[in-house]
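According to Swiss-Prot, the feature compositional bias 'Basic and acidic residues' maps to 1372-1389. Per Swiss-Prot, the feature phosphoserine maps to 485, 544, 1243, 1245, 1497, 1592, 1595, 1822. Look at Swiss-Prot and you will find 50-93 tagged as region 'CM1 motif'. Annotation source Swiss-Prot lists region 'Interaction with NCKAP5L' at 57-195. What Swiss-Prot lists as region 'Interaction with CDK5R1' is 1655-1697.
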């Protein structure tokens, strides 16, 4: 509609208001229509150049124009209205027509003014369009000028640069030519000197020829004499002999002279030939270089020609563009002239038409005012014309300037062409100089060929000199054969000696192989630097040396044979060289023999060292166990999953058989090598040896059963429990024979006994039994218990009954007679058996100690009711309040079954415990590691759940009182804790340092000593006996403890969920207490389960987030995404901190051990691992709590109830810590006592179970790797589902795309990390990737999760022997490195080294270095340990017990002997270290060199890659710019097409409107005629009252006619279409809404207005108002009709009085007046309609003209668009060509520069080569 309005504004205006009054207009107005056609013709001429689809008017312009037009229309209507009223008031009757005509003339004047204003506006628009075109043309010209200037300047710069370069090149060429001329002169001088030398040589050759001729003559004389003397043989034999003797010395002398001369001549000829050849090569190189220079210069000239042509073409294109611009400017000038002529014509025509009119109306003053206004308007137009003409002049000046600039450009072009011609001339000069150089080179070639010919002639003259050599060669060959035979004899003797030595070595090696076969296998697979590996290495070295010697001997024999065969062909020099080789070989043989003897001595020394070392059992057992671990750990570890059950059973049986064989071999070697009597075993230990040999098979079968079960069900905790129970029952049946549960302390009674402090004589039997047990366990007499399983069963049952009775609160006097008898029998048996095995004074341990322990325990149990209550409540909450998916169903079921068993069947539980003596023994034998608090709480939970549930209701009712009491208790407990910590800190540090030094592990940090988790792990890691913590009992307890730990762990996490955020600080304390509560065998499994549970927690958290319904609000979604992002950032920070922490721990280890990169991440201190696990899991908890709070916020009731629970939990934790500190006091004294007695029990029999423990550890490792792989698979699946859910959530709601993308990237990164972890667990080796942050995250995850299966071995199987601990570490390192080499510290420091050379070499080097360093560290640590222990024993003699003082002397002597032995071992190891370190330094240097080379190649490749990538990016940018430009052009074309379609639609709609308005006007004309007739009849009615009946009859007929016409018009109105009515209503909204606003269509802007039209058109508001007026008039007329009928009726005249007739007359007159006013209003409303001609198929000439003009304008616009696109394409092509030209020119210049530099360098090198002392100058960049 906007464009429609614009077109309406452009259409001409005709008469407004007078069309209805004057049906016939004067013929003079025809001229106006013509002028209006001219006015219409102005529009396309203006818009032909300027109107474009992009240059459209704004809505504001349209609105302003509409408002102005409305105001003018309103003012005009008001003026007309008031004028008409004034005229009616002043004049009446005949003068009315004059005033009407006057008003019409004024209206015409106003319309003419408006037309003038419109034309002025059109002129202004045209002038603006011309100005914009001129400006655009000027800007384009300026831009073209600037581009041309830039191009010209660039070309000038390039040409000047090229000229300067060519001048420099010419200068350089001249300098080179001068140097070449100087070189030729020197060569000429050299040639002359050589020619003189040649002439001298020729003279010498002539003398030699004379000598040869003389010799030939002598030979002829001798032959003649021989012929003459043959006839006289008998007579003259003596003379012949003398003559022959005389002739032979002459020949010898002459032959010697000839030889000397020939040798000198030969040397001179060779020198001459070499010099000539050098000269020839030099000239050829120079010729080639000059030819290359010629070619390059020709190429440069060709490229310059091409560039000049291109620039010429570009200049031609610019000139063409300028010409086109000039044409456009000319066209604009012509159009401006046309516009001016049209404007002048437009001014003249209305003046011509108005002159006769004004002549008619000279009498009126208004006409004069109108004329004055017209004159003023003409003056304005004249001034505007003047300004237009000045603008035209300015445009012409601009055109002149453009032509001048074109001329300048042409001049510059000519100048550039001249410069190009000059450059061509210079190129021709250079070509001439090159031609001259070629001629000189050809001359030099000819001279060289002549010299070559002379030399060839000289060589041909010397063919027969080699004949004289044969005589001398024969003599030399004879002498050599003699010497060769002597050397053969010597070689045979040496070979015999070597064979004897080899046989002796073979005998020695066969003997040693039988003894140390297993050690050889270990060295081959583990790559450890042990003495056995040195032996094999020396053997291989000797064999290789002997093979080399035999090869040398064979080579010597072949040389001699070759000499014997080719006596005649070889020369003297070759024979001499061969003699030298023989002498060198002889020397080498002697050196090899000496080296062999030295090696033999070294071998013997090593054998003696090995025999002495075999007396140490620890290293031997470590070798055995490491060999077993290698046998068990195959390369394809995870192929076991694909095996069937039968194959697994076969494999297991094979492994068991192999273990049995190895065990028997080891026993045989022990019996043969070691002397058992020297070690001093007890008889019971020997029995254990034999028993353990018999029980290997049974143990291995049970282990395989457990291994198969683990493989089949890796994730089911219930089946683990059942299997562990079955295994324990099997072990109970077999008895505790394997020595896993020996050495119990008196602290066993600290939690298994139940004697009250008030007990009296009734329990003497039990007291005796307890005293016996205390002495028994303190004296380490468990072999007796091992041989008596029935005793252990009875003891276990009795102790459990005691515990149950004590827990249920029953007194001790309710014992049955059976139990008393059983106690008596056990006491008697123990006394008898202890009397045999121990002396009497060993029972002197005081009973008070035991009693005090019982008392302490009972005091503790009294205080711990609250602890039990709390633990039970925690676990019930864990059962009831677990969220969905938080814990597996199997674990919940297992826990529920445990609770039911604990509540309803305590007797069955006690029986099961009684039937498991192995587990009981393990639990009882670790007072220092298993906290009694943990077991007491576990037993109380199982046995006292009914009582505790009853006691739950006995708490005080008011929470405030409870809170106050709990806070007071907490403060008291904290004070006590501080006191205990200050007391025990020193003891802890001393104990941990001593144990770390004894076990050969790195000392943990002082910061770690204070951490309770680290203390617990260090305590569990160093115990008395290796057998105490091994075996299936420990694994079973680990399985049970794992379930218990996981349940406790989940309960703690639930508490942390329920706690308010203020109490989150309690979480680390809870974790520390929980780790202290665990047993030693379950710490590793706890760590593993903890990491797994942390993973599960996060998984389940995400599950919960998925299960929550998708929120409708996008803000909530964004908030949750933000929270999840913060969580992810927190996890990343945790991983980075863990990585830093692991690096710090590695650095601490290297500082402590004095090595750099020797130990990898596996040798971390346990405290570090525990800290990492604790921080990781606790932070998981905190994050999970946050996540849960985000997903479902807590209610206020829960927050109120949580304060009391948190205080209770704090109290429980403080009490537990206090109890733990009290227990630690007791445990420290027991541990110090055990450490002092440790070396008494060192016997090889204890380490027989190491084979089984290694196998068990390997099976556990594999199982845990499988478990972790399964967890990774589950977590990856979960991540994929989470990504899908996230995508669905994004589709369902509107989220910020940036936030969603970031979250999606993080999720995909997590999924990628999980896939890499899964591959790592499955294949053992991860593909190499470039180092970026994703790989650092993967390393962090590996260090946290992947190292768990290897770290848990040490707390599960700690040993006192340092060497064996080291071997275990090495084995774990070996297994870990074979799977994943990345966590190694060496590979972390040098990742490139690991990628550039093979892994096997690295493994060997690292293992050798580590073993050597570890041996040294071991010896140093043992020395330090023994020294500190001696000092401690000296300082603690008064405080120690009687056993310590009794065993001090024996310990001192054994320690001194061990110290001496270790010092010797240290010296030997230091020597070995020095040797190894030198070799490794050399190898590392070589490796570094190769690394440096490869790094350089990598850098080059990276640089190339960056350059290629930059080029690609640049090309992509260009493509994107071009695409964008194309899109803009297509958008412009589309917009223009849309505008065209819109214009066409508007034209159609206006045609329809016209047709409908014509019909309306016809109906209105008919109605107006009727009203005119009525108006004529009104005065007649007033004048003639007698003619009323006739008038009434006529009026009645008129009314009938109007009533008949009204429905007709009403029926014609609905002919309007819907769209047209809408458009009309839209146009007339303003007039309908406001009472003062007039219709929207402006007077003078009437659609389809024409004086010859047969229709009337107007607004629907005007029509409605007119219709109302007519209807009102009809009602008035009806009333008047009634009144007249009443007045004229005879009845009224008869009946009515005289006064009554006056009333209807007054009414009639008032109604007449109102009718008059109604008619006046109707007449005013009729003036608003105008006369139109509806466009039909035959009558739409004007509209068709307009449509044709629009089409022509559209075609012109299309053409202009096409031309502009062409211009743009041409300019783009020109720009591309210029860029390409610049590139080509720059490349050519670079090439020429390089070529000239090379030429200069070659020319400078040539004269320098002739002088021997001169050094060739090197130019930079050449």
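Backbone N, Cα and C atoms are what each Cβ position is placed from, and that goes for glycine too.
Keep in mind it's a predicted model, so treat the numbers as computed, not measured.
Features as recorded by Swiss-Prot, highlighted on the structure.
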{"residue": "485", "record": "phosphoserine", "CB count, 10 Å": "10"}
{"residue": "544", "record": "phosphoserine", "CB count, 10 Å": "10"}
{"residue": "1497", "record": "phosphoserine", "CB count, 10 Å": "9"}
Going by DSSP assignments with H, G and I as helix and E and B as strand, what are the residue counts for the region 'Interaction with NCKAP5L' (57-195)?
135 helix, 0 strand, 4 coil
Between residue 1497 (phosphoserine) and residue 485 (phosphoserine): CA-CA distance (Å):
57
Using the alpha carbons only, what distance in Å do you get between residue 1497 (phosphoserine) and residue 544 (phosphoserine) once rounded?
37
The region 'Interaction with CDK5R1' (1655-1697): DSSP-derived helix, strand, coil residue counts:
35 helix, 3 strand, 5 coil
Arithmetic mean of per-residue pLDDT over the region 'Interaction with NCKAP5L' (57-195):
84
